[in-house]
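Annotation comment: TrEMBL describes Gly57, Ala59, Val60, Asn64, Ser277, Asn309, Leu374, Asp377, Ser378 as Na(+) binding site. Annotated disulfide bond per TrEMBL: Cys156-Cys165, in sequence order. The transmembrane segment annotation in TrEMBL covers 80-98, 110-143, 191-209, 221-238, 266-287, 307-329, 349-376, 407-432, 438-461, 482-501, 521-543.
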Amino acid sequence: MWVLGAHSFYCSESEHKTNCCDKFYVKESEPEATDMEQPPARPTWSRQIEFTLAGIGCAVGLGNVWRFPYLCYRSGGGAFLVPYLLMLVVLGVPLLYMELTVGQACVGCYFCPASGVGIASVAISFIMCTYYNIVITWALYYLFSSFQAPLPWQNCNNTWNTANCTNYATNSSFSSTASQEFFNGVEEAGALQWELFLILILGWILIYLCIFKGVKSTGKVVYFTALFPYVILIALLVNNVQLPGALDGIKFFIVPKWDKLLEVEVWVNAAAQIFNSIGIGFGSLLAMSSYNSFKNNVLKDTLSISIINSLTSILSGFVIFSAFGYMSYLQGIPVDSLAVDGPGLVFVVYPQAFAMMPVAQLWAVMFFFMLLCLGLDSEFAMVEVMVTSLMDEFYHPLMKVFQRKELFVLAVCGVAFLLGIPCVMQVGIFVFQLMDHYTAIVSIMFLAFFEVLAICWGYGVKRLSSNLKEMTGRGANIFFKLCWLIVAPVLITVLLIFSIIQFKPARYGDYVFPPWAQGVGWVIALASIVWIPLGAIHTLWVLPGSLMQKLKLSITPYALNEKSNMPYYERGGTYGREVIAVISLSEKPAQTNF
């Protein structure tokens, strides 16, 4: 069944006692592999708190400090909080609960993107990690530049400044601030800016060092990268609220403009922010939860990750908008007249605020180091999706080529690095904005739609709740069942339809991308979502019978009990054994021998 191919699993012999394989895949009973053929035992988190921290670090990223405040600013301040919190309750928490349940379905289960939505999840995570590291590169560049006195964006006395440079923002369309011209110099300095190129290499070295040993190294890194940003955020907030005009910015953030709630775009952006921030559909948290112990309390992790993620976004909102209020006070213009767009929020507007603060270098270093920590957590989670998926599905072929997992991880990081080079070339910010628009907004809505259909309707809420009861001793309550069965599928369908109807082409500032660039953007979007229809077509092609029989079998969870010899489901297991997808009606896992 292609919809179950969304997130398929391989269960080890040791898990048969838990009946976990009754839910997904059953391993063939063939002769044992030799020690040389056998891969190392699948690692688990040293402590459960490491997964919680890794999940928080994955969810809490640059989007909390950059995308969330930007969407609030563009969507009428506090008005955006209404759909955001509603989407968190009815979409974010239930769907994260669903993903963690599937990921933790059995100890030792392997996340195998066999077809359809599974491959799409891996593809979208890999595409995002290629350009997401550019933001880490910018953060490192600004971090190194923050040790200068005065700050390079503090005045217009630099070689890259133009005659139109001003120290403060104005209403004139012919002038630009010192921070804006510094950022323009970062991303528009010729065919290839070597400083950024070398820092991009440094960024990927940091990512590699975080993940090359798997969860054993990741689990230790998250103790610092997931917790330290909160120290900096609180310090920045304490400093900012004491600045004159800060309350005006905070009022803009928390006081809603109710007419904005009538705009469908605000609701679509709220849902997209939940998906992007928590990571619904990307497979990151699902892959990491597969390293959990079988009896782990999934609901506790779900609530911890989702609530802390949203509270971090709101905390970041207070930090950013208090700085906006201070800037509007100094410049004598309303808060809503500040020039804010995309990544310019944290790389143009906020650096400009630092330049006006006492001890500017200290706050700049702290802020950009915080961005680095936030970016690292999310980045290595996305890379881990690709590494985990390929290692679990193609362990033996990969080991024949690379010999060691560490070398394979290095190869994945190297390929992602090469694909990210266009973002550090001339007008790289436009490449970044184009990829972000068509990946983080367009693709994720399609992916979330099909994932929900695959698991909630294809696999079934009843089975999902039974799996949960098997792991924790308690099934899903009526709220989660209703959200999985009705609310989430219907709401995502409505949002998908309206996002298509009211689709707006990508832009950066006042520049709207030309048709050919929009076409490139759609190619980027299709690179991930095209696997969904391809998976369905492939399944229908290999299933036996007439077209109507094929369609019926493709959406019947129990079909493989009767059609166990279907070529589509003959998969090579981790030990080179044949594995077939079996979903049994019985209490005991079904064994199928060729």
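Note: Cβ is positioned from N, Cα and C throughout, glycine not excepted.
Taking residue pairs at least 6 apart in sequence, the transmembrane segment (407-432) and the transmembrane segment (191-209) share three or more C-beta contacts under 8 angstroms. Here the transmembrane segment (110-143) sits against the transmembrane segment (349-376); at least 3 CB pairs are under 8 Å, leaving out pairs fewer than 6 apart in sequence. Among the recorded stretches 80-98, 307-329, 438-461, 482-501, the one sharing the largest number of Cβ pairs closer than 8 Å with the transmembrane segment (349-376) is 307-329.
Using the rule of three or more Cβ pairs under 8 Å, pairs at least 6 apart in sequence, the transmembrane segment (438-461) is in contact with the transmembrane segment (482-501).
Across 80-98, 221-238, 482-501, 521-543, stretch 221-238 shows the highest tally of CB pairs under 8 A with the transmembrane segment (307-329).
Looking at which of 221-238, 407-432, 482-501, 521-543 has the most CB pairs under 8 Å to the transmembrane segment (80-98), the answer is the stretch 482-501.
Within its own chain, the transmembrane segment (407-432) is flanked in space by residues 126, 129-131, 133-135, 137, 187-193, 196-197, 200-201, 204, 207-208, 211-212, 343, 383, 386-387, 390-391, 398, 401, 508, 511, 513, 517, which lie at least six positions past its ends and keep a Cβ under 8 Å from the stretch.
Per-site Cβ counts within 10 Å over the binding-site residues Ser277, Ser378 peak at Ser378.
The Na(+) site is defined by Gly57, Ala59, Val60, Asn64, Ser277, Asn309, Leu374, Asp377, Ser378, and by the 8 Å test on Cβ atoms against their centroid, the other residues of the chain that qualify are Ile56, Cys58, Gly61, Leu62, Gly63, Thr312.
Ranking the recorded positions Cys156, Cys165, Leu374 by how many Cβ atoms sit within 10 Å of each one's Cβ puts Leu374 at the top.
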